[in-house]
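Scroll down for the structure; my scribbles are underneath it.
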Amino acid sequence: MLGRIAAAYEADPERRRELRQEILLAVWRALPRHRGEAPLRAFIARVAHNRAITHVAREAGEPRRQPLDEAAPSGAPGPHETFEARHMRERLAQAVRALPLPFRQPALLTLEGFSPAEIAPMLGLNANTVSIRLTRAKAALRAALDPEDRR
């Protein structure tokens, strides 16, 4: 779950690894504050998303430079991966990262298996607002992935 959250906020593999470490450290530090009011999984997801938002805000405007020898792609795709599947995953990840934060958070938490009722207290919203944001996020993703689809 933490790796997927990091991937949703960072496209660069190096930054994604750093974010994952920051998230793990933030979760470790926050665990003593968990009072059992929400399931542990929901508590961890909330801490992870909050850390990711802080990370992205801090990193904004600070592009990193990669040495040329590290810029080459590492490793070949597995035999079961096709070009189309890879391309679609990249487009989906890019579309999710492009979602405005109010839509991205509920969408990511839904992909992690949380219901709107579980997401609502994590984000400080009511379940109806979460459902509306999910509907808008799905529409935005659909439009980004299939611009010719005019639903």
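Yeah, the Cβs are placed from backbone N, Cα and C, and that goes for glycine too.
Those TrEMBL annotations? Automatic predictions, nothing curated.
The compositional bias 'Basic and acidic residues' annotation in TrEMBL covers 56-68. Among the features that TrEMBL reports, domain 'RNA polymerase sigma-70 region 2' is placed at 4-60. Sequence annotations record features per position, and here TrEMBL assigns domain 'RNA polymerase sigma factor 70 region 4 type 2' to 90-141. What TrEMBL lists as region 'Disordered' is 56-81.
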Grouping DSSP H, G, I as helix and E, B as strand, the residues of the domain 'RNA polymerase sigma-70 region 2' (4-60) number 47 helix, 0 strand, 10 coil
The domain 'RNA polymerase sigma factor 70 region 4 type 2' (90-141) resolves under DSSP into 43 helix, 0 strand, 9 coil
